[in-house]
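Student: So Swiss-Prot has the following annotated:
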COMPBIAS  246-256  compositional bias 'Polar residues'
COMPBIAS  266-282  compositional bias 'Basic and acidic residues'
COMPBIAS  1025-1043  compositional bias 'Basic and acidic residues'
COMPBIAS  1370-1387  compositional bias 'Basic and acidic residues'
COMPBIAS  1894-1903  compositional bias 'Polar residues'
MOD_RES   Ser485  phosphoserine
MOD_RES   Ser544  phosphoserine
MOD_RES   Thr1193  phosphothreonine
MOD_RES   Ser1241  phosphoserine
MOD_RES   Ser1243  phosphoserine
MOD_RES   Ser1495  phosphoserine
MOD_RES   Ser1673  phosphoserine
MOD_RES   Ser1676  phosphoserine
MOD_RES   Ser1903  phosphoserine
REGION    51-94  region 'CM1 motif'
REGION    244-282  region 'Disordered'
REGION    1022-1044  region 'Disordered'
REGION    1349-1387  region 'Disordered'
REGION    1736-1778  region 'Interaction with CDK5R1'
REGION    1883-1903  region 'Disordered'
Amino acid sequence: MMDSGMEEDVTLPGTLSGCSGLHPVLPSDLDVISDTTGLGNGVLPIMSEEKVSPTRARNMKDFENQITELKKENFNLKLRIYFLEERIQQEFAGPTEHIYKKNIELKVEVESLKRELQERDQLLVKASKAVESLAEGGGSEIQRVKEDARKKVQQVEELLTKRIHLLEEDVKAAQAELEKAFAGTETEKALRLSLESKLSAMKKMQEGDLEMTLALEEKDRLIEELKLSLKSKEALIQCLKEEKSQMASPDENVSSGELRGLSATLREEKERDAEERQKERNHFEERIQALQEDLREKEREIATEKKNSLKRDKAIQGLTMALKSKEKEVEELNSIIKELTADSTQSREAPLKTQVSEFEVRESENCEAALAEKEALLAKLHSENVTKNTENHRLLRNVKKVTQELNDLKKEKLRLERDLEEAHREGNRGARTIHDLRNEVEKLRKEVCEREKAVEKHYKSLPGESSSKFHSQEQVVKGLTESASQEDLLLQKSNEKDLEAIQQNCYLMTAEELKFGSDGLITEKCSQQSPDSKLIFSKEKQQSEYEGLTGDLKTEQNVYAHLAKNLQDTDSKLQAELKRVLALRKQLEQDVLAYRNLQTALQEQLSEIRKREEEPFSFYSDQTSYLSICLEEHSQFQLEHFSQEEIKKKVIDLIQLVKDLHADNQHLKKTIFDISCMGVQGNDRLESTKQAELMASKADEDTLKFKADDENHFQSDQHLEQSREIMEDYAEGGGKDGYVRHMDSNILDHDGAHTPDTSEDHSLEDELLSLLATFFSKKATPSLESRPDLLKALGALLLERICLAEQGSPGDHSDSKAEKALEQVAVRLRDELGHSCLANSFSKSHSELKSPRGTWLVKTGDEAKVELKSVSVQTMTIEDSTRGFKPERKREAWAGKPEEAVFSTELESEALGEMPGLQATHLSFPSAIDKDDQKTGLLIQLKTPELLENLYNLPASQEVVAQLQGQVLELQKELKEYKIRNKQLLDKLILAEAMMEGMAVPNSTPVNVPAAQAVVRTAFQGKPGEQEGHETTHSAGRDKEVDSDQYTSFEIDSEICPPDDLALLPACKENLEDFLGPPSIATYLDSKSQLSVKVSVVGTDQSENINLPDDTEALKQKIHDLQTELEGYRNIIVQLQKHSQCSEAIITVLCGTEGAQDGLNKPKGHIDEEEMTFSSLHQVRYVKHMKILRPLTPEIIDGKMLESLKQQLVEQEQELQKEQDLNLELFGEIHNLQNKFRDLSPSRYDSLVQSQARELSLQRQQIKDSHDICVVCHQHMSTMIKAFEELLQASDVDSCVAEGFREQLTQCAGLLEQLEKLFLHGKSARVEPHTQTELLRRLRTEEDNLPYQHLLPESPEPSASHALSDDEMSEKSFLSREPKPDSETEKYPTIASRFPQDLLMEHIQEIRTLRKHLEESIKTNEKLRKQLERQGCETDQGSTNVSAYSSELHNSLTSEIQFLRKQNEALSTMLEKGSKEKQKENEKLRESLARKTESLEHLQLEYASVREENERLRRDISEKERQNQQLTQEVCSSLQELSRVQEEAKSRQQLLLQKDELLQSLQMELKVYEKLAEEHQKLQQESRGEACGGGQKGQDPFSNLHGLLKEIQVLRDQAERSIQTNNTLKSKLEKQLSQGSKQAQEGALTLAVQALSVTEWSLQLDKHDVNKCPEASDNSFDLFESTQAMAPKSASETPVLSGTDVDSLSCDSTSSATSPSCMPCLVAGRHLWASKSGHHMLCLIEDYDALYKQISWGQTLLAKMDIQTQEALSPTSQKLGPKASFSVPLSKFLSSMNTAKLILEKASRLLKLFWRVSVPTNGQCSLHCDQIGEMKAEITKLHKKLFEQEKKLQNTAKLLQQSKHQEKIIFDQLVITHQVLRKARGNLELRPRAAHPGTSSPSRPGS
C-alpha cells in the first residue's frame, strides 16, 4: 500500500502532488526530510522523536499547522475524487466502470492509511519498549520455528539413515545371491566341460557310423551282384524253358531230373544267403538299439541341463524383481524426501506467515517499527530461501552432470567391452608371439652376460676417475663457499655501516648540530647513496654469476644422477660420495638463497631506515588528536616502539610539561599586559591602519572575483585553510614568532636558489636579504610592534621594488634607489633592535613556551583569517602577473604546483622547524622557481607581522566584531558560489589525471578510465606491505595520513597507499601536463615495480611447483597439497575476521557513525565548504610532508651564507647571555603567577582524547595490515586458480573432483574479495533498507558516469562533518575555527555513512556535539577570564587604587578556578568511569568473539571429519560398483557360453534327426528286401506249381519290384546328400564360432539349408508321377512358399506372421496359393524381452493353433502308416493274392510318407515363428544396478545438503543472538554516556552564568 502511493496514477491528469501539495514519498536515503521537501507551505516535516535533535523540541503550533495542512489536503483529495468519478463516468461508461471505481476507492484508502500512519507517528517513541519486547518475542518464536524445523529435519535424517541401512543390507543380500549365482555358473562350467568330453566321444561314435555306412555300401554292391546273378539265372530259365518246349517228350524225364537238381542247388544257395542276411540284420539291429540308448541318455542329460538353466533363469528373475522392488522403495523414499522438504518449507513459511499477520495486527494497534523489524526478518528468510533455491538449482545441475557422466561411463563401458574383445584377440596373437619372445629372451640373456662382463671391466676403471672428479668438484665447492662467506662478511659490514650511518643521522638530528653542520649531512647522504648504488650493481653482478654457477651445478647433478643409476648395484661407495656432492651442492644453493634473502633484507632495512627518517614528519603532519597538536615539539618518539608502561610514563611527562607551559604562558600574558599598557599611544594609529588593511583586503577580494579564474578560486580557498594552519603554527611556536622563523628560512632558502646568470644583477639584493635575515634572526618583533611606521615603509619599498622588477625586462632588475632605501630601512631596524632588546628580553627567556598570541589568535581567528586572505589575494595577483611575463621557463614536477601552495607549505614547514631534530632542515626549492616568488614571500612575511600586530592591539569593541562578522559572512557566500564551480572543474580534472596516469603506465594497453582506475589501484595496493616488511605494526601517524587523505580529490588511491608514495594531485588544471613529468611518473612506476616484483615472486614459485604429471596419482597429490594450502588460507581468513570484527566494533562505537546523521541535516553549501577545506588541508599537509622529505642539495648552500649564519649565531649567543641575567631577576616575580595558573591545564581534558586517538590508530593499523594480507592472499589465490586450470588442461582428471575443487577455490577468492571490501569500506551488508534499491536506481540512471563513481571526491552521501544548525554553524565559524582537523571527522567516512542504526548515530552525534560544547565552554571561560584581566588593566590605568582592584580580581579568579577545578574533577571521574565501562564491554566483546572463533574452529574440524567420512563412503561405493560390474560381466559371459552350448546341442539334435531318418529308410529297405525274398519264394513255389502248366502271370510283381527299387535308390541318394550338406554346414559353423562372427552368418546358413532341402524335394517330386502321389502335388505350393519366409538373423529379430500369412499357411492345402509374403515384425511391447540366451518361447496364438493342427495331422498320418505296415506284414495279407494286395499298400505308404515330410516342414516353419525370450533381460539388471548406484549417490548428496543447511541455520541463529546481545550492550552504554554528558552540559551552561552574572558571554552553539 505504501508503494502504490509512490507511483503516478495513469487516470489522473496530473500527479497528486500537483494540486494538493502532497509530495510523493522520497527515497529513504534522506532519513530526515529538510524544510524544502516538507508538506507544502513551510510546514515542519513529520519525523519521529528519535530523529529530532535533543536541542530542538516541537510545539503545539507545529502540530496545529500540520493538522490544518492535513485537513486542506483531505478536502482537495475529496474534490479530486469527485471530479475524477464524474470524468470516469463520462469517458468510461462501459463495463470497465467498476474497475476504475475500485481503483479510486483503493487510492482513497491508501491516502487515509497514509494519514493514519502519519498520525500514529508520534506514538513510536512511547512504544519503543514494547517493540523491543515484541522483537525478543519474535526472536523466540523464530527460534521455536527453527527448532521445530530442525527436529523435523532430524527425524527425516533418521528415517533416511534407517532406509539407507536397510538398502545397504539388501545390497549385501543381493551380493550374496550374486555370489551364489557365481558359484552356480562355476558348476555350469564344470558341466559344460563334461558335456564337451561327451561330445568328443560322440564324434568318435560318428566315425564308427561311417564304418557302418561303408559296410552297408559293400552289402549294396553284393545285392546288386546278386540281382545280376538273378537276371542271368532268369535268362537261363527262359532258355531252358524254350529248350524244354523244343525237346520231345522222351527227353522230358531227363530234363525234369536236371531241373530238379538245379532247383535244389538254387534253394540251398538262397537259404544260405537268407541266413547270412538275417545274421547281418540282427547285428545291425543290435547296433541301432545301442545307438538309440546312447541318444536317450544324451537327451536326458540335455533335459537336466534345461531344467538347471530354467532354475538359474528363475533365480535371476527373482533377483531382478527384488532389485525392482528396491528401486521402487528408493523412489518412494525420494518422494518422501521431497514431501518432507516441501513440508519443511511450508512449516517454515506457515509460522512466518502467521507471525507476519500477528505483527500486522499489532502494528495497526501499536506502531510501525515492529513491522519494519519483521520485514527485515522476512527479507533475511527470503534471502535464505533464495539461497536454498539456488542451491537446489545447483543440485539439479549437479544431478544432470552426474547423469551425463553416467551416460559417458556407459559409453566407456561399451568401448571397454570392445577393447576387451580386441584384447582377447590380441591375447591369442600374443600367445603366438610368446614363443618368439622366449627365443629372443634367451638371446638377450646371452648378450646381457657378455655386457655384464664388459661392465665389470669398466667399473674397475671408474672409481679412480670418479675420485679425481670428486676432488676437483670439492675444490670448486670450497672456493664457492669461501666466496659466499666473504660476500656474507661484506654484506654484514655494509649492513653495520648503514646502521652506524643511520644512528649517526638520528643522533645528528638536533637543533644546534643541524645549524652548524647541514652541509656535512648532505655530503654524508650523497656519499651513502653512491656506495649503495655501487653495492647494488656489484650484487647484481654477483647474482648473475651465482645463477650461472647454479646452472652448471644442475648440469653436473644430471651427470652424477646418471652415473649413480649406472653404479647403483655395484659400487655403494660411489653412491655415498655422490650423495655428499649433492648435499654440498644443496648447501651451496641454500647459501645462494640465503645471500639473496640477506640482500632483500638489507634493501628492506635500507627502505625502513629511510622511512624511519621520514616517519616523524608524517606522524607529526597527520596527528589528529588534540594532545598531539598541542605537543608537536615532542614528536621524535614513536608510540609503536614503546611498551604500555613507557607510553604511560611519556603521557604523564607530557601532561606535566603542558602544565608548566600553561603556567609560563599565563605569566607571560601578565607581563605582556603590563608592557602593552606602556605602548597605549601607538594603539590609536594601529586601529586606523587595521581598518585601512581591512578595506584593502575587501577591495582585493572584489578584484579577485572578476580577474582570477576557477583554479585561482580553489587556491584562494586553500589559502584560507593554509593561513589557519600558519596561525596554528604561530600560536604553538613559543616566544620565537612563526613569521620571523619563516622569513629567516625563506631568505636562507632563496639566497642559494637563484640562477647564476643573474648574479651581478642580484648582488645588491643578496646583501639586502642578508641584512633582513640578520634583522629577523634577532627576533625583532618587539621593535616591529612598537614601530608600525617602519613596517609600513619597508613593505611599501618592497612592493615598489617588485612592481619595478615586473615592469622592467629581466636584465633591468636592479633599481638603485629602491635598493638604497631598503638598505636604509634595514639599518634603521638593526639599530633599533639593539635598543629594544633590553626592554623586551623577558620574552626570550623561555624559548620553548607558547606565546600569548596563541590565545589571541584563537579568540580573533576570523579577523586573522580575513587579513591573511587579503594577503593571499595580493600574492595571487602578483604571481599571475609574473606568470604572464615568463611563460617560457621549464618546470619540473614541483613546478606543477601553484606558487601559493608552495608558499603556504613553506610556512608550515618553517613552523615545523621548531621541533627538535628539524630546526636546521630548511626546505629547498628547485632552480626553476624564480625570484618573483621570493619577493612575494618577503612581501607576505612583512605583511603578516603587521597584521598580527594589528590583531594583537585590537580592542574588544563589539562594533568592530559585528563589522568583521558581516564581512566574513559575505566572503563565505562568495566562497560557496566559487566552490560549486570548483567542484565541476575538479571532477573533470581528476578524470583527466586518471587518464594521464593510465597513459603514463607502460603496461596498460587500453587508455580508458576504468583501466586507469584499475592501474592506479593495482599500482598502490602492494605498497604498504612492502614498506613495512614483516612488521605487524606501523606508526600511528602513517595510518592517520592514509585516513586523512580520504577527503582529498583522489579518494581511492589515498585510501590504499600512504600519500608519500604518490605524486601530489595539482589543484590547477593548467599545470596538468607539467605535473605528470618524469619524476612523478618515476615515483609511480617505482611503487608499481615493487608490487610487480612481489607478484612475480609468487608467480614463479607457483610455476616452479607445477610439473605436469602423467599419472593420476601425482594429480591427486597435487590436489591434496592445494587443499592443505586452502585450509591454511581459511585459517588466515578466520584470524582476519576476528581482527576485523574487533576493529569494526571499536570503530563504530568510537567514531564510526559521527558524520552520517550530521551530513543529512546540514545544508549543501556547508557540506561542500567543509569538504573543500578538508581536501585543501590535506593537500597542504602532503606538500609540507613531501618538502620535508626532499633532501637538501649541495648547490643551495653558499659559503657566504654559512659565514653570515655563524656570525649571527655568535651575536645571538652573546645577546642570550645578557637576556638570561635579566630573566633570572624577573623569574622570582613571575613565579607566584605561575603557581596560580598551573592548575588550569587543558591536558586533563584531553587525556581521554589522546587515548582514544591512540586506540583508533592501533585499530586502524590492524585493519590496514589485514587488508594488505587479504590483497596478498587474493593474488596468491588467483595464481593458484590459474595453476589449477593449467593442471586440468595438461592432464585427465575426474571432472567431479575438479569441479568441486574449482568451486572451493572460487569460494575462497570470493571470501578474500569480501574481506578486502570490508577492510576498505566497512560493513556493506547492514545497509539501511533503502540503499539496495537506491543503488540499483543509480546504476540504471548513471551508467554513463561510471568512471566518475570511482574518481569523484564526493561520496554519494554527504561527507562526515559536524551536524549543527545554521546559527550554530555561523557561530562556530566566528568563535571556534580551530585549525586542527578533528580526528573523528576525518576517520572512516564510508563506514560512518553506511552505519544503519539511526538511534546509535544520534547518540554518538550528541556525544560529539557535547564534547565540542565542553571544549568550547572551556575556551569561552578562558576568553572571559582574559577579558576580565584586560578590563582590569584598562581600569587600573585610570584609577589610583590598583591594589584593591587587583585583590578583588585575584579573589574572583581564585574562586572561579576552584569551581572549575572541582567541575573538571567530576567530569574526569565520570569520563574515567565511562572509559572503564567501555573497556569492560570491549573485553566482553572480545571474549564472545573468542568463543565464536572456537566454535567456528570446532565446526570446521567437524566439517573436515564429515568430509573425510563422505569421501571414504564414496570410495566404498565405487569399489562395490566395480565389483557388481565385474559380476555382471561374468554372468553375461557365462550366459553367452550357455547359449553357445545350447546351439551346439541343437545342431547335434538335428544330426540325430537326420540319422533317425536314415535308420527309418534303412528299415524300410530291409522290409522291402524281406518282401522281395518272400515274393521270390512265392514265385519259386508258383514256378514249381506252374512248371507243367507254363503260365505267364508272374510279370506284374516283377514290374512293381522295379518301381520300388527305383524309389529306394532315390531315397538313398537324398539321404547321402543331406548327410553331406549337414557335414559341410557343421564345419562352417565351427569355423564361424571360432571367428566370433556367428551372429552375422546364421541367417545365411539357414537360407542355405532351406534352399538345399527345397532343391532335393523338387527333384524328388519331378521324378514321380502325379497319379502316384496326389497329396504331394497338392501341397507342393506350400513347400515353395516356405522358402520365401526367410529366417531372421538373430532371436531379437524373430518374425511374427501377419493374419494373411497365417491363413496362407493353414492346413487347408487348397487355399494355400502362392501369395507374396512380406517380412514380419515383432509383437509390440515384447521385443524388449527377446534374447538369444532366453529359456522361454513366445508366439501368436494363430501360429500356435496352426502348429497344433499340423502336429495332430501328422499323428493321424503316422497312425495310418502304422496300420498299413501292420496290414502289409500280417499273415492274412500274405495268404491273399499277392498281386492285387501288394501294389495298393505300397503306393499309399509312399504318398503318406511324402505328406508326413511336408507336415514336418510346415511345423518347422511355424516353429521359426516362435522366438526365445527372457523376462527381464541381463541389460536391465545392469541398468538396475546403475540406477541403484545413482539413487545411493543422490541420497548421500541430499543428506550432505541437509546437513550443510542445518549448520548454516545454526550459525545464523548464533550470529543473530550475538548481534542482538552486542546491540543491547552498546545501546545501554550509549544511554548511560548520553545521560552523563547531558548532566555535564547542564552544569557547564549553568555554572558560568552563576559565576559571572554581569558579564555578557557570547552565544554558545546549541543554546
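Positions of Cβ are set from backbone N, Cα and C atoms, glycine also.
Bear in mind that the values here come from a model prediction, so they are computed numbers and not experimental data.
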Student: Among the modified residues listed here, Ser544, Ser1495, which has the most company in the form of other Cβ atoms within 10 Å of its Cβ?
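Tutor: In terms of Cβ crowding, the pick is Ser1495.
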Student: Using a Cβ cut-off of under 8 Å, list the residues of the same chain at least 6 residues beyond the compositional bias 'Basic and acidic residues' (266-282) that approach it.
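Tutor: Residues 219, 226, 233, 1566, 1569, 1573, 1576, 1580.
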Student: To the nearest whole angstrom, what is the C-alpha distance linking Ser485 (phosphoserine) and Ser544 (phosphoserine)?
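Tutor: Checking the Cα atoms of Ser485 (phosphoserine) and Ser544 (phosphoserine) gives a distance of 17 Å.
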Student: State the Cα to Cα distance, in Å, between Ser1495 (phosphoserine) and Ser544 (phosphoserine), rounded to an integer.
Tutor: 52
Student: Which residue counts does DSSP yield for the compositional bias 'Basic and acidic residues' (266-282) in the helix, strand and coil classes, in that order?
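Tutor: Output for the compositional bias 'Basic and acidic residues' (266-282) reads 17 helix, 0 strand, 0 coil.
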Student: Please report the number of other Cβ atoms within 10 Å of the Cβ of Ser485 (phosphoserine).
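Tutor: Cβ-Cβ neighbours of Ser485 (phosphoserine) within 10 Å number 11.
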Student: Express the predicted model's confidence over the region 'Interaction with CDK5R1' (1736-1778) as a mean pLDDT, rounded to an integer.
Tutor: 80
Student: Based on DSSP, name the secondary structure state of Ser485 (phosphoserine): helix, strand or coil.
Tutor: helix
